[in-house]
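As given in Swiss-Prot:
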- Gly10, Ile11, Gly12, Lys13, Ser14, Thr15, Lys39, Asn180, Arg181: ATP binding site (BINDING)
- Ser14: Mg(2+) binding site (BINDING)
- Cys95, Cys129: [4Fe-4S] cluster binding site (BINDING)
Amino acid sequence: MKLAVYGKGGIGKSTTSCNISVALAKRGRRVLQIGCDPKHDSTFTLTGFLIPTIIDTLEEKDYHYEDVYAEDVIYEGYGGVHCVEAGGPPAGAGCGGYVVGETMKLLKELRAFEDHDVILFDVLGDVVCGGFAAPLNYADYCVIITDNGFDALFAANRIAASCREKARTHPLKLAGLVGNRTNKRDLIDKYVEAVPMPVLEILPLIEDIRVSRVKGKTIFEMAETDPSLEPVCQYYLNIADHLLACPEGVVPQECPDRALFELLSDFYSRTPVPA
């Protein structure tokens with residue numbers, strides 16, 4: 001199974017992805033998480049450090065792909081989850097999307113996809129240009145991380161449009177939304193009423209999740225010494241169980257930008273402002 005996780009920048013994709021990866025590993029699956037972001041910090045909470053990127057390794061090898069081995073680019077993180085970071089070009093130069101495409105090419109040559117039960121792509125923000133949309137060409141399911149706010153749902157809608165486009169030539173389905181750091185879901189419900197898709201889970205604002213990111217640990221690792229965090233782990237196990245059940249998913253039909261803007265902004269305009 002191949003999963004592509006997208007969402008607005010800063011929404012908590014990487015933290016969520018790492019915890020989903022561990023949850024899948026705890027369900028007995030061999031998991032490979034691939035960070036597709038020039039910041040190369042997707043797998044930080046799994047490994048506890050910024051692992052060398054594929055671009056770093058290729059530079060060391062003078063871009064001789066035949067000299068790159070799996071152990072050069074794949075690192076083992078918490079729970080036995082294997083980790084890869086694509087990396088990116090220097091700031092202001094080159095194309096990060098191209099790097100993602102080359103990463104897919106190298107990992108296929110290394111047969112990394114064949115050695116794992118689940119491949120999880122954690123992809124840069126809501127940028128869905130051709131290069132950063134490349135993981136959708138490989139994915140069985142897309143998962144969108146959002147919150148209960150206008151900007152995140154607007155980004156989710158653009159990602160849904162990319163899923164619909166890719167599904168024309170590839171058997172891709174949108175597994176659904178994960179609400180992150182949100183104590184309300186009224187705007188999420190309004191969106192999925194307009195653009196039908198499953199809501200896999202809603203995670204409230206939990207300070208320990210934010211702290212886990214700073215500490216470079218998954219919530220599962222923190223729960224080993226703090227059993228009170230086990231209910232938090234259950235959110236991610238619920239998502240993992242849903243995905244492992246091979247859900248039917250949907251091919252979404254996104255809302256036109258102007259219609260979505262009116263839909264969501266109308267909600268805010270009708271919400272009473274406290275005195």
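Every residue number used here counts from 1 along the chain in the order it is shown.
Just so you know, glycine gets a Cβ as well, placed from its N, Cα and C.
Largest Cα-to-Cα span within the ATP-binding set Gly10, Ile11, Gly12, Lys13, Ser14, Thr15, Lys39, Asn180, Arg181: 22 Å. Taking the binding-site residues Gly10, Gly12 in turn and counting surrounding C-beta atoms within 10 angstroms, the largest count is reached at Gly12. Recorded residues Arg181 (ATP binding site) and Cys95 ([4Fe-4S] cluster binding site) have their alpha carbons 31 Å apart, per Cα-Cα distance. Sequence-distant neighbours of Lys39 (ATP binding site) (same chain, 6+ residues apart, CB-CB distance under 8 A): Gly88.
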